[in-house]
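Asks: Mind looking over this structure? Questions follow.
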Amino acid sequence: MWVALGMLWLLALGGPHQAWSFCPSQCSCSLHILSDGSKARTVVCSDPDLTLPPASIPPDTCKLRLERTAIRRVPGETFRPLSRLEQLWLPYNALSELSTLMLRGLRRLRELRLPGNHLVTFPWAALKDTPQLQLLDLQANRLSTLPPEAVHFLENLTFLDLSNNQLMRLPEELLDTWAHLKTGPYLSSRRTRLVLGLQDNPWVCDCRLYDLVHLLDGWASNLIFIEARLRCGSPRSLAGVAFSQLELRKCQSPELRPGVTSIISPLGSTVLLRCGATGIPGPEMSWRRANGRPLNGTVHQEVSSDGSSWTLLDLPVVSLFDSGDYICQAKNFLGASETLISLIVTEPQTSTEYTGIPGALWARTGEGAEAAAYNNKLVARHVPHVPEPVALATKPSVPSIKEELPLQNFQMDVPGEFSREPSEHQETQMVRSLKVVGDTYHSVSLVWKAPQAGNTTAFSVLYAVFGQRDMRRMTVEAGKTSVTIEGLAPKTKYVACVCVRGLVPTKEQCVIFSTDEVVDAEGTQRLINMVVISVAAIIALPPTLLVCCGALRRRCHKCRAGGSAEASGAYVNLERLGHSEDGSEELSRSSLSEADRLLSARSSLDSQVLGVRGGRRINEYFC
């Protein structure tokens, strides 16, 4: 009777109905009796129209499965009432993000399965709320990286599946933890073993995969891989290659090679700064100036046979502005290393000694050659990059910036001062027949022949006051074989040389000239021409007048005498133009027979004074 009353009381309270009313309408619930007599509830929700986790999940649920639904996100603390939850399965949903509060209150959780979702990141810090978690399944998601701090929340795991994601590398801290697995706090009776799934990821096979490759070789006895044959995804040359076939080296931070720390170079020279470093992977090399100014040169990169990286800074023509400190940096993902190289650009006071062919350098070309007042070698200086020549110090001029440019020493008769390749013989044959053409007292023109030169061959002209060291350089456009030097001082002796740009002239390409001689020679020629013309005019004018007068007199005589003149065969009296004993010209009378002879002689315009021949004076007569 008492049993019947109890049943009626339970029915009145609706006990059985209330117990099953906790199961969500879109889910199925089941109750299991465990071996120790306790009960475990399992809730399975697989409705494809489900977009959020159900709100009325029984609090005594031990296993919750939300699978193949349209759930995109899990709000924070959704599962906090499920304090008895031990297994949380969320496979093949549309999850793209998880809250860091999602696992709040799940202190007894041992399994968390999230395969087949769209997770790009995972809230690793949320695992601190699950101290008993042993299984984490994240396969078939979109994870691309694992942060180094994740290692602090994975120490107690015995199963971790990261396969079929977008992982390219693993943090070194995590690999080091796996290589030195220790006894877990909840598995103190036996050694911890970790089952690891890393297959089907696009691994980048470089030095950062060195530790993982060695883990696969069995260095960690407590590490078990679901699939041990991992393959490279990149670089392209290693795509598809198994880890077991790789020969990787351990990563190393950049280490600079010792070298020159200070360079002193003359103005206008070419400077090559070189810096080398080692590292794995090969470091990226770069140059910069300590003062922040831009580089005035070209950077080249090289890799030597031993794997060292080299960078070269080429400064073609250094100036005083290039002086300073240059910083070479070698950098890879492990760090950076720097070194400092100081460059000092100076104006040398003495020439640099070179080995050259002995012998006198300068000699004047042509007749009347004059030996130059130089020793075996001439040391000179030139101003680099002067667009137009300026007057030398011998001629007062307005101060100019161009004139204040520093001069550079070079040795004239040393092959290779400007060029390292062409020989002296080749350069000598290039420029031939150098000549000076006069212009004015302040300018001169040079012409030469270059039969072996091409349309792209450019020449340079070096000139200076004879006997001085300071030389100036002019650049001649490619293809031209003449140039005019302006700004010269009048009545001054100069020396000028023509050579292929970048080469040193030899004595065959040099000429000595004087501005007054050039102009005076041309003026003298003009004066001679004028004197010759004047003398010819003076000599030819009197005979011409005499001939005209004689013709006029004959005509008058004809008119007077009529036909008697023809009968006698005589003409008017002729005058003799000869030389008197004192050398002066005189006029005299002659006979008619002598007149006939003179009229048949050569024209008076061609007559000349023949001088004294055979001891007696020879006179020629004109009319």
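Note that Cβ sites are derived from N, Cα and C of the backbone, with glycine treated the same way.
In case it helps, Swiss-Prot gives these features for our protein:
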DOMAIN    22-59  domain 'LRRNT'
DOMAIN    201-253  domain 'LRRCT'
CARBOHYD  ASN156  N-linked glycosylation site
CARBOHYD  ASN296  N-linked glycosylation site
CARBOHYD  ASN455  N-linked glycosylation site
REPEAT    108-128  repeat 'LRR 3'
SIGNAL    1-21  signal peptide
TOPO_DOM  22-526  topological domain 'Lumenal'
TOPO_DOM  548-623  topological domain 'Cytoplasmic'
Asks: Restricting to the repeat 'LRR 3' (108-128), report the mean pLDDT as a whole number.
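Replies: On average, pLDDT over the repeat 'LRR 3' (108-128) sits at 96.
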Asks: List the residues of the same chain that sit at least 6 positions away from ASN455 (N-linked glycosylation site) in sequence and have their Cβ under 8 Å from its Cβ, in sequence order, or write 'none'.
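Replies: Correct list: ALA478, GLY479.
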Asks: Near the domain 'LRRNT' (22-59), which residues from the same chain, at least 6 beyond its ends, have a CB less than 8 A from one of its CBs?
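Replies: Sequence-distant neighbours of the domain 'LRRNT' (22-59): 65-72, 74-75, 78-79, 81-84.
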Asks: Over all shown protein chains, what is the count of other CB atoms within 10 A of the CB belonging to ASN296 (N-linked glycosylation site)?
Replies: 14
Asks: Looking only at the domain 'LRRNT' (22-59), how are its residues distributed among DSSP helix, strand and coil?
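Replies: So the counts come to 0 helix, 14 strand, 24 coil.
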Asks: Would you list the DSSP helix, strand and coil counts for the residues of the repeat 'LRR 3' (108-128)?
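Replies: For that range the per-state counts are 5 helix, 3 strand, 13 coil.
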Asks: Among all the protein chains here, how many other CB atoms are within 10 A of the CB of ASN156 (N-linked glycosylation site)?
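Replies: 16, counting other Cβ atoms within 10 Å of ASN156 (N-linked glycosylation site).
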Asks: How many Å separate the Cα atoms of ASN156 (N-linked glycosylation site) and ASN296 (N-linked glycosylation site)?
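Replies: About 59 Å separates the two Cα atoms.
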